[in-house]
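The structure appears below as structure tokens.
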Amino acid sequence: MATSSLSAPFSHWITDSSRPYRKTNHLITKSAKIHSAINRDARVGSLETSTLPSKVARPHNGVASIVQPSYSIAALGPSEATLGCHLARRLVEIGVGDVFSVPGDFNLSLLDHFVTEPGLNLIGCCNELNAGYAADGYARSRGVGACVVTFTVGGLSVINAIAGAYSENLPLICIVGGPNSNDYGRNQVLHHTIGLPDFTQELRCFQTVTCHQAVVNNLEDAQEQIDTAIFTALKESKPVYISISCNLTSIPHPTFSRKPITFSLSPRLSDQMVLEAAVEAAAEFLNKAVKPVMVAGPNLRIAKACDTFAELADASGYAHAVMASAKGLVSTEHHAHFIGTYWGTVSTAFCAEIVESADAYLFAGPIFNDLSSVGYSLLIKKEKAIIVQPDRVVIGNGPTFGFVEMNDFLKALAKRLNRNTTAYENYHRIYVPDGRPLKRDPKEPLRVNVLFQHIQNMLSSKTTAIVEAGDIWFNCQKLKLPSGCGYEHQMQYASIGWSVGATLGYAAGAPNKRVIACIGDGSFQDVSTMLRCGQNSIIFLINNGGYTTEAGIHNGPYNVIKNWSYTGLVDAIHNGEGKCWTAKVCCEEELAKAIETATGPQKDCLCFIEVIVNREDGSKELLPFSSRLAAANSRAPVPR
């Protein structure tokens, strides 16, 4: 192939190399299927610890382990042998301690069982969409999340959040309180639906954004359906949908009296002959290169290969970067040979020059879409690239090696590479330290780059940054994460408003971390639930009066929003109940005082800081990003 740069067709080739996922679209799972999926030979009542760690942790690589129950699950008495009790205990067993919910008449009896389960804390949210976002954030900090909504009116509201979790490979249990089991097949219309005597609209919608669906409207196979759905979520690292008829949750059944089947996740195994061939070819490819580099991608999360990537970077000496969508997944930002974020024309300083001038590059778990490629404009060449996905390796224009697990490949490759620091030495030669914003009058209107200079100083191993979609992306990509500092954003789906719900869920799942949320004024909602939960996150709401990113791509009056007094709104929500502190800042002097208060006297409070900035105060990266994305979106149709 010629040495053409990465165009739309080449980008499509890379996207096609990402991991495929098997769809399971049935209502009733037969016993033969669950027998093949679940190891019945293991001891009943606990998770199989040979494959699942026994403690919940929030390591730096974004992959949390699954919890063991603190009690042993024995046979239940008749009063406990109900569907609702079984589901509640199953959630506790896999590590879910908090469930995010919105009550509706079809899920109320199910919520009763969740309330009485000692291992569960039910967190009521203001709307279903935010409950889904919160479950997404919780899954990022604990490894798995869950939400409960009501039939159709709740399910179709939460579905956008479920789609976002699907795009990020997060195991999430979406539970819907369904119609009375007697209403199925009676050709009658129910409330909360779209007015048709057909109960499958919600199911059909969820089939496209979940890896498994279960509709439980009889007790005979309820345990089997629920367990299969939960097992599939853990196995595939994707959301699942479980609908449960509202009249079944409190009825005892013999299947719930038995000890539950153990979840046993068998480790994925590489084909050893193919693995050896892939490592041999990759080592030869990289060892003959003069200035090879490594780039981390978002699929490291699903492959659970974040630590392995760091080990390879350390062993090889290569200059290494992260894709924007993978920031925070690998613990190498403090590593001597880390060179920043590779994001085409909007990469951090001097990073793109080193990556794109390399004569060989290893991308581990990349996803190349129009955002990550800045309108398909990356200057990388297929013949120079090794693309490592969770279960396959593609080397240049050569062969594809299937049935090769990323962890196995990276570990074996680390033993075969010659140490090569040339690319990093080139980076070090051209690197100029970041300049600091010019010192201005303390009362001068605040600039966004000054704000993020202060946020940088707040980061530590005890904090996690949660970043909203938009221009905030570019500023936060330039943050240097200390060892152990968390970082979460949603780049593939890029749903406006995700960060608020995700902050709620992440903080619930990681109470040992203080969340620093960077949120745009167009995304603000559901702070009241954080107050009710007693969380102490710090929220920076950047008030620039509209959607700056969209205005950069295509301007119009629809990008201007009605300005609110956000601090006044939070004060009203607070209403003197709970711990809350707010401030509105317009200049650097006020900002510094607000941060000092939030990290000092008010460190145990939810701190809300509204930052007033000029509408045109965007990052320098936003200008080329917007123009290239606008060009990609406005391409003329190709004649057919």
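Glycine is no exception: its Cβ is also placed from the backbone N, Cα and C atoms.
Annotations in TrEMBL come from automatic prediction, not curation.
Straight from TrEMBL, the features:
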- D521, N544, G546: Mg(2+) binding site (BINDING)
- 83-188: domain 'Thiamine pyrophosphate enzyme N-terminal TPP-binding' (DOMAIN)
- 279-397: domain 'Thiamine pyrophosphate enzyme central' (DOMAIN)
- 492-611: domain 'Thiamine pyrophosphate enzyme TPP-binding' (DOMAIN)
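Where TrEMBL records a feature, it is marked here on the structure.
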| residue | record | Cβ within 10 Å |
| --- | --- | --- |
| D521 | Mg(2+) binding site | 22 |
| N544 | Mg(2+) binding site | 23 |
| G546 | Mg(2+) binding site | 20 |
Worksheet item: Quick one: mean pLDDT on the domain 'Thiamine pyrophosphate enzyme central' (279-397)?
Response: 94
